[in-house]
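Colleague: Positions annotated as active site, proton donor by Swiss-Prot: Cys126. Look at Swiss-Prot and you will find Lys22, Asn23 tagged as phosphoenolpyruvate binding site. Annotated UDP-N-acetyl-alpha-D-glucosamine binding site per Swiss-Prot: Arg102, Arg131, Pro132, Val133, Asp134, Leu135, Lys171, Val172, Ser173, Val174, Asp316, Ile338, in sequence order, evidence recorded as sequence analysis. Taken from Swiss-Prot, the feature 2-(S-cysteinyl)pyruvic acid O-phosphothioketal applies to Cys126, supported by sequence analysis.
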Amino acid sequence: MDRIKIVGGNKLNGVIPISGAKNAALPLMIASLLTDDTLTLENVPHLADVEQLIRILSNHGVDYSVNGRREHQNGPYSRTIHFTARNIVDTTAPYELVSRMRASFWVIGPLLARMGEANVSLPGGCAIGTRPVDLLLDALLALGAEIDIENGYAKAKARNGLVGARYKFPKVSVGATHVMLMAATLAKGETIIENAAREPEVANLADCLNAMGAKISGAGSSTIHVQGVTNLSGARVRIIPDRIEAGTYAMAVAMTGGDVLLEGAQESQLSCVLETLRQAGAEINETNSGLRVVRNGHGIQPVDITTDPFPGFPTDLQAQFMGLMTRAKGTSHITETIFENRFMHVQELARLGAKISLSGQTATVEGVERLKGAQVMATDLRASVSLVIAGLAAEGETIVNRVYHLDRGFERLEEKLSRCGADVKRISG
C-alpha cells in the first residue's frame, strides 16, 4: 500500500496547474446515460474515483475512448473522454461497484429517466457520517417514481415516464440536486427545484445538459426551472477547474510561506475561502492565468469558520483549514454543519503535535509554535490532504499512510508539490 513521505520546512514557490474538478466530472460523466449520442468531456482529471465511475458506466453498456495530452510541459495530464451510451444493457448497478464510491448511486436518476427503471445498490464512499440518500429518493418520488428498498438496493420504476413537479428540498444537497436535475430533463412538463444547491459544479452540469438539448434555467441559484424534452443529443463540454484542489494548495502556501500561482483557479468559485485566507495572513490576487498566493514573513492568524453550502465555506476544505490553523498564533474555532462525523483527522493531527479539542460539531484549535513529523494515517479523502499540509510545515519526517484516499481526489499531488520545492515523495508498496 502506497505512502507519502514528507520532510517539512520548505517554502512553496512556483506554478501549480489546477486540474478539472472531480465533483463536476462525476455528474457530467453520469449524464452520458441520458443520450444515445456521444458526450465528449474535456479536462477530465485522472483520479481513482473517475476510473471507478468509468467501470460502473461500462457495466451499463457505455462505450468510452480516452485522448490524453499534456497541455504544457509541467501541466496536468489533461484528458478528453468520449462517452457513448447507445445501448443500455443493464439497469442494475451492483453492490461490488457502487459500494466503493458514493457518487455512483447518482446513476439512478438518468437510468430511471431514460429506461423507466433502475436497480441501484445503496452507496459507499468516504466514512464521514451517514449521508442518507433520502433527499435524493424523495426528489425522484416527487417526479412520479415508484421506489422500494430491498436487500440493500433501491429499486425504482417510472412505468409511464417521469412527470415534472414543483419540489423544495428540505435541506440543501448537491448530490440530490444533480440527480433531480438530470432526471427532470426527460420528464414530461416543467420541474421547479427549490432550495437547490448553488455550487459551481451544479451550474457546470446544467451547462452540459443544456448543450445536450435540455431546457434549464436558474442553475447556480436556489431555484432551478427545467422544461422536459423528449430526448437529448451529444455535446462537447469542458469540466471546470477544481476549486477544492485550488483551495487546498492555497492553504498549503499559507502554511509554508512562499509564492505560488494556482494556474486556472477562479476567484468567483472561492471568494469565501480566499477572504478567510486573507484574514489568516495570505496575500491573494487574481491574474489573467489564475490566482497568485503569497505569504511572506507574517505569521498565521487565527480565524473562525463555519462550513456552509456554496457560497459559504465548503466542508471539503474544512480539514485542510484545520491543518493550517494548527500553526496559527492564537485560538480558532471550526464548526462543521454539513456532516456529523467529519473530524476524524483531529486525532492524526494531534500525533504531529496539534492541540485540538472537540465539543459537538465545533473544534477548538490552539495554534502551536511547531509541529513534529510522525507516522499518521489517512481516514478519508480531505482528511488525508490535511495531514499533508501539516507535514509540509512539521519538523522532520512525516509519513502519511493509506494514501489511496488521496488518489481519489488529487491528481499527482506529490508531483505538483515537489515541483514547487516541497520534499514530498510517494513510497510504493
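In case you wondered, yes, glycine gets a Cβ from its N, Cα and C as well.
Give me the structural setting of these features: burial, nearby parts and distances.
Modeller: Counting only residues at least six positions away in the same chain, the Cβ atoms of Val174, Glu199, Glu201, Asp242, Ile244, Asp316 sit under 8 Å from the Cβ of Asn23 (phosphoenolpyruvate binding site).
Around Asp134 (UDP-N-acetyl-alpha-D-glucosamine binding site), taking its Cβ as the centre, 12 other Cβ atoms fall within 10 Å, counting all chains. Taken residue by residue with DSSP, Asp134 (UDP-N-acetyl-alpha-D-glucosamine binding site) is part of a helix.
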Colleague: I'm trying to understand the geometry here, so how far is the Cα atom of Lys171 (UDP-N-acetyl-alpha-D-glucosamine binding site) from the Cα atom of Lys22 (phosphoenolpyruvate binding site), in Å to the nearest whole number?
Modeller: 23
Colleague: Find the shortest Cα-Cα separation between Lys22 (phosphoenolpyruvate binding site) and the binding-site residues Arg102, Asp134, Ser173, and name the residue that gives it.
Modeller: Arg102
